[in-house]
């Protein structure tokens, strides 16, 4: 949906909430393919007529490029042409949004042909300007990424689970995996992918990577695509299922790479991206008066990567004792959802989180640091669909992190 159309819906929302007759809309909305029957049932359960109208207008922004004209057509077909005319007037009255300038920074060529964004931003910090953009932080340390490859990227992709695990096949996860492999290769990482690992096999692969000599490398990335659940924890929330249905806590995964267990990564950024549910809670969200544009979401059936809250048994993987661990540093863990909540995935497009993450990285990595981009990911995913999801991030990074774009 075009930005002018989104803003027209928002400006017209008070009148639509007050006047819109929603009952005649349900059937044509389904017939014209704007919403699935399941989505319409969710909308109808939103409460009063006004609540249903408000949620319909909010969700309409996520329904694709043709949603606005189709909605206007349905309004006229159901005798509500006055509201359609009002929306058209709002759309035509709004000024066009000016195109953004090219924000691609000038890259400095270093010996060996590698460009170093760190040196570029340092050089510009004295004047407070980088690539024509006022610097909001002044002098700021940036992680150095000079090595080629700059580090390893391990992708653990669990799709098919054993019958005894009672966990469903994660259709669409291979779509996520292919996107992530491509983007991290473009960021000069040596990508290693493993599929359908039991819990102990995951431990072996993680330990193997942690025991590598990273002295000549500048970074390390771990991506995990699997089912997950909420679990008691002392540091990083959540746990990941192996294909055998056994769990490994996220904090145990992270601590394989901390300064105590992986000395060759001391002082270097260690990034973890986790597509898995943080629990079984489903979030319907709440209504706010906000001008932030929503992202489009398809009408494909949704699947969750969730299992209910688990308390580990005595023989299960346990978190490392807090007293025995150094304070984690230079670590970032990006979760696909907030702890305790469901993470959504579609068979044809993959997960909301990975699809959005890859899109933001492709569009913004040449000019923005990682944590700024993750804010964009959270905002975009939070705007999707009737069922809500909010990616979150735990970070002890001490500097800004910029990917090196090839």
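Yeah, the Cβs are placed from backbone N, Cα and C, and that goes for glycine too.
Those TrEMBL annotations? Automatic predictions, nothing curated.
Annotated features in TrEMBL:
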DOMAIN    1-90  domain 'CARD'
DOMAIN    149-281  domain 'Caspase family p20'
ACT_SITE  227  active site
ACT_SITE  277  active site
DOMAIN    321-405  domain 'Caspase family p10'
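Between the C-alpha atoms of residue 227 (active site) and residue 277 (active site), the distance comes to 6 Å. DSSP assignment over the domain 'CARD' (1-90) gives 67 helix, 0 strand, 23 coil. With respect to Cβ neighbours within 10 Å, the active-site residues 227, 277 differ, and 227 shows the lowest count.
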